[in-house]
Amino acid sequence: MTWSRRQFLTGVGVLAAVSGTAGRVVAKTLNINGVRYGMVHDESLCIGCTACMDACREVNKVPEGVSRLTIIRSEPQGEFPDVKYRFFRKSCQHCDHAPCVDVCPTGASFRDAASGIVDVNPDLCVGCQYCIAACPYRVRFIHPVTKTADKCDFCRKTNLQAGKLPACVEACPTKALTFGNLDDPNSEISQLLRQKPTYRYKLALGTKPKLYRVPFKYGEVSQ
């Protein structure tokens, strides 16, 4: 983990410098040159313990009743006693071509060009819910306290600012999550993508999601 942390620390150094600033200022001052963050969820390693969900809620102060991250369990696969479950991560895909960004009338939903992270500026959000309707992955919600759109931001305002990995990655006991710079061929995530077969959910939509998945069974691709 130390090696992978070092791979992306250069990309989050600026984030630490702007800790505590308002969302609008953060969006304008980020300068993470050459970084395009992505994540891999290895379904063959995920055990559905939901430690990632708990860590996300705690670190990002997500109220009960809503969630930035959900682990969905499939129907039983196989026959007793060899029954297995597939666990599917439902969260923001941080699309390069994000429909939520395209429909936002105020510019509150944006894709940070320097890091690739899709985020929401709460100072600009008017709660119109256009982005929620446009997202084909159904991962956005209205925050019950701020009344603005919310979702996974790869812990951009919390762990990344502190030079840490996203909370879900740090909490996973089976190392089913890998996070890093997709544009760095030597990063842990780039090496993993070369080594294992992966798929991306609803890729045919042309959104270019940056959440990759190692399938539950090799050769099995879910759409």
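Backbone N, Cα and C atoms are what each Cβ position is placed from, and that goes for glycine too.
CYS172 ([4Fe-4S] cluster 1 binding site) carries neither a helix nor a strand DSSP state and counts as coil. For CYS172 ([4Fe-4S] cluster 1 binding site), the same-chain residues 6+ apart in sequence whose C-beta sits under 8 angstroms from its C-beta are ALA51, CYS52. What Swiss-Prot records for CYS46, CYS49, CYS52, CYS172 is [4Fe-4S] cluster 1 binding site.
Sequence annotations record features per position, and here Swiss-Prot assigns [4Fe-4S] cluster 2 binding site to CYS56, CYS152, CYS155, CYS168. In the shown protein chains, 27 other C-beta atoms lie within 10 A of the C-beta of CYS152 ([4Fe-4S] cluster 2 binding site).
On its own chain, CYS92 ([4Fe-4S] cluster 3 binding site) has ARG68, VAL118, TYR137, VAL139, ARG140, LYS151, CYS152, ASP153, LEU211 as residues at least 6 apart in sequence with a Cβ closer than 8 Å to its own Cβ. The annotation [4Fe-4S] cluster 3 binding site is assigned in Swiss-Prot to CYS92, CYS95, CYS100, CYS135.
The 10 Å shell around the Cβ of CYS128 ([4Fe-4S] cluster 4 binding site) contains 15 further Cβ atoms across the protein chains shown. Under DSSP, CYS128 ([4Fe-4S] cluster 4 binding site) is assigned to coil, being neither helix nor strand in the three-state scheme. The [4Fe-4S] cluster 4 binding site annotation in Swiss-Prot covers CYS104, CYS125, CYS128, CYS131, and the record cites similarity to another entry as its basis.
According to Swiss-Prot, the feature domain '4Fe-4S ferredoxin-type 1' maps to 37-65. Note: the domain '4Fe-4S ferredoxin-type 1' (37-65) comprises 10 helix, 6 strand, 13 coil (DSSP; helix = H, G, I, strand = E, B).
What Swiss-Prot lists as domain '4Fe-4S ferredoxin-type 2' is 83-114. For the domain '4Fe-4S ferredoxin-type 2' (83-114), same-chain residues at least 6 beyond its ends with a Cβ under 8 Å from one of its own Cβ atoms are 27, 30-33, 35, 37-39, 41, 43, 46-48, 52, 68-77, 120-126, 128, 130-140, 148-149, 151-154, 200-201, 206-211, 213, 216, 222.
The domain '4Fe-4S ferredoxin-type 3' annotation in Swiss-Prot covers 116-145, and the record cites sequence analysis as its basis.
Summarising the annotation, Swiss-Prot assigns signal peptide to 1-27.
CYS100 ([4Fe-4S] cluster 3 binding site) has its Cα within 10 Å of the Cα of none of the binding-site residues CYS56, CYS128, CYS155, CYS168. The Cα of CYS168 ([4Fe-4S] cluster 2 binding site) lies closest to that of CYS46, out of the binding-site residues CYS46, CYS95, CYS125, CYS128. Counting only same-chain residues six or more apart in sequence, the Cβ atoms lying under 8 angstroms from the Cβ of CYS49 ([4Fe-4S] cluster 1 binding site) belong to PRO173. Candidate binding-site residues: CYS46, CYS95, CYS104, CYS125, CYS128. Nearest to CYS56 ([4Fe-4S] cluster 2 binding site) by Cα distance: CYS46. Calculated from their C-alpha atoms, the gap between CYS46 ([4Fe-4S] cluster 1 binding site) and CYS128 ([4Fe-4S] cluster 4 binding site) amounts to 35 Å.
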